[in-house]
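Asks: Straight from TrEMBL, here's the annotation block:
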DOMAIN    2-26  domain 'Integrase catalytic'
Amino acid sequence: ASRVIAGWIGFYNNQRPHQALGMKTPAEAFALAA
């Protein structure tokens, strides 16, 4: 179960675009802010 959750978190943060972030992934938004 923890492997599935870890995979989902990786997808959520690195592949799934977020509308609130201008259709960027959280990883992209963080890289631009840093």
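We count from 1, first residue shown onward.
Just so you know, glycine gets a Cβ as well, placed from its N, Cα and C.
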Asks: If I take every residue in the domain 'Integrase catalytic' (2-26) and average their pLDDT values, what number comes out?
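Replies: Mean pLDDT for the domain 'Integrase catalytic' (2-26): 98.
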Asks: When DSSP states are grouped into helix, strand and coil, how many residues of the domain 'Integrase catalytic' (2-26) land in each?
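Replies: The counts are 17 helix, 2 strand, 6 coil.
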